[in-house]
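Q: This is the feature table in TrEMBL:
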- 22-43: compositional bias 'Polar residues' (COMPBIAS)
- 75-102: domain 'C2H2-type' (DOMAIN)
- 103-131: domain 'C2H2-type' (DOMAIN)
- 132-159: domain 'C2H2-type' (DOMAIN)
- 160-187: domain 'C2H2-type' (DOMAIN)
- 188-215: domain 'C2H2-type' (DOMAIN)
- 216-243: domain 'C2H2-type' (DOMAIN)
- 244-268: domain 'C2H2-type' (DOMAIN)
- 1-43: region 'Disordered' (REGION)
Amino acid sequence: MSSSDNLTNDNKKKSMEDEDSNSTSQMRTNYAKGTTSNETTRQNLIAEVNESNEYLEKNVKQSKSKKVVCTSPSIVCKFCNKKFRSRKNHWAHVRTHSGEKSYTCHICGKQFVQGGSLYYHLKHVHDGVKNHTCDICGRSFAMKTAMEDHRRIHTGERPYVCHTCGKTFKTKASLYIHSKIHTDEFPHKCTYCAKKFRWRQQMLGHLTVHTGEKNHTCDVCGKGFGIKNDLTRHKRVHSEEKPYTCQKCGISFGQKRYLKSHERLKLGTCGYSQSELRENLCENRIESD
């Protein structure tokens, strides 16, 4: 390939990056102003995402035909600085900030931001396929990654490290939740009051205080809950599942709060130091949000 061809390709690449940068810069401005709470501006933001998606799909096809391979995560989300190797994954991630739900379950109509979430929903909820089983407690999961995350409850393995403070976590989701502590961002605002939240799930849980909705019902006793996590926690009352294990003495519990109480009561007996206990309790609060 001649030097002139290389120069042309470099110019095209720079042009693509500039267009992406301008588009995401405008979306970041809209998002920072909180305009996604307004339906009109939210739709405008979604339109921007869709327009960028069309642009992306065209260039992804060109890249595939040229067998372009990106070996390092060089594409950065302008909202949260997360890095991606492919533009396709980058724009799929951008949808999580806009709130656009492009994927709809053809069985129940539930909508999802990402295709992977819809795939998991179909396997877990409708198909009931759970091929991945924990070799420690026997619990089964639809996705291998979910089983691996669960298994670390038993093993105590903490492979995910916060590069800001060095704290370690069992799951990638827990690390992501924790990372928000190091920012001053509270992007999720309650539509009923002035409260703001770092995490969308927190905000949705708070909304049930205003609405009184309890859409998650226990199929054993009929008790209703406003948050799905609360229902999941409650259902362990009806089962023998005890996923929370004391790493010092091996006793297992069905509820995380029972494990925390055990650690407090057995301070010294199980070998926990005061600093270790404080660290465990702090992490448990983060993971339960």
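Cβ from N, Cα, C; glycine included.
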Q: Applying the under-8 angstroms CB criterion, which one of 103-131, 132-159, 160-187, 188-215 scores highest with the domain 'C2H2-type' (244-268)?
A: 132-159
Q: What does the DSSP secondary structure composition of the domain 'C2H2-type' (188-215) look like, as residue counts for helix, strand and coil?
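A: Tallying H, G and I as helix, E and B as strand, the rest coil: 12 helix, 4 strand, 12 coil.
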Q: Just give the helix, strand and coil counts over the domain 'C2H2-type' (103-131), going by DSSP.
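A: Counts, helix then strand then coil: 13 helix, 4 strand, 12 coil.
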Q: Helix, strand, coil: count each for the residues of the domain 'C2H2-type' (216-243), based on DSSP.
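A: When I sort the residues of the domain 'C2H2-type' (216-243) into the three classes, I find 8 helix, 4 strand, 16 coil.
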